[in-house]
């Protein structure tokens, strides 16, 4: 794998890391990015871009009174919401996203808009053939919501998008691969395991997406929101995102906004218009190239 940075260049980057802003506002994401830059290892990668990487990290976000949409840069919430709704449809074609002017999956789609059996297909239609029904599938989302409602102490409230039999058919194997729900004291929490973590572009989306899903599932189950716990495997900053990351780390965060959700008839009936972000104060967006 091609390595873009030298150890000497990495030391130069570390010397430029801005001091942590003095604030009472929690900033778990920014703290993790700072830790990756200061403690990470130079690694090559599939895209040939090069990364600074740290393995096995975790962040926690309290969903009781706030919604973790990053404030140190503007985050494209419309894209987050439509992508989540698209996952919940069980779709594998980007046309619906494109119709709503969301193009975050375009780079991986074929000429017909197809991506193969990606997230939504695995969530809603995991292949589970039997001799009597060779076309049988499992709806993991419906099943896990039923468990949350009927067996809240279950330790089997898991959804996985990582299907080893179909990974090679996917345009992009799942980065956020598995998530588990947990009920305690009338509150629903969720933990995500993300195998590959593009800290600048991808992870801010993933934090907000799974936090939103947790709020929706809690609403459908008649529970209050608890925590979103993010666990990352290969947590990396791409070499061509470093200047953007340094700029972001120089910014003082604002308090997270709140999320209001109009309750839909089912977990599969939500629309973008059902989501209202309240009090989102943020710094300007920062653009960066996607590593494909």
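Cβ coordinates are placed from backbone N, Cα and C, and glycine is handled just like the others.
Keep in mind that TrEMBL annotations are predicted by a computer and have not been checked by a curator.
Sequence annotations record features per position, and here TrEMBL assigns active site to 175. The annotation active site, nucleophile is assigned in TrEMBL to 175. Positions annotated as dUMP binding site by TrEMBL: 46, 155, 156, 195, 196, 197, 198, 206, 236, 237, 238. TrEMBL lists 198, 291 with the feature (6R)-5,10-methylene-5,6,7,8-tetrahydrofolate binding site. Annotated domain 'Thymidylate synthase/dCMP hydroxymethylase' per TrEMBL: 29-292, in sequence order.
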### Task
Return the member of 156, 196, 238, 291 nearest to the residue listed as 'active site' in space, with distance defined Cα to Cα and candidates limited to these binding-site residues.
196
### Task
Using all protein chains in view, find how many other C-beta atoms are within 10 Å of the C-beta of residue 236 (dUMP binding site).
28
### Summary
Cα-Cα, residue 236 (dUMP binding site) versus residue 291 ((6R)-5,10-methylene-5,6,7,8-tetrahydrofolate binding site), nearest Å, comes out at 12
### Task
Give me the mean pLDDT over the domain 'Thymidylate synthase/dCMP hydroxymethylase' (29-292), rounded to a whole number.
97
### Message
List every residue in the same chain as residue 291 ((6R)-5,10-methylene-5,6,7,8-tetrahydrofolate binding site), at least 6 positions away in sequence, whose Cβ is under 8 Å from its Cβ.
### Response
45, 47, 49, 198, 238, 240
#### Entry: Mapped DSSP class for residue 46 (dUMP binding site), helix or strand or coil
coil
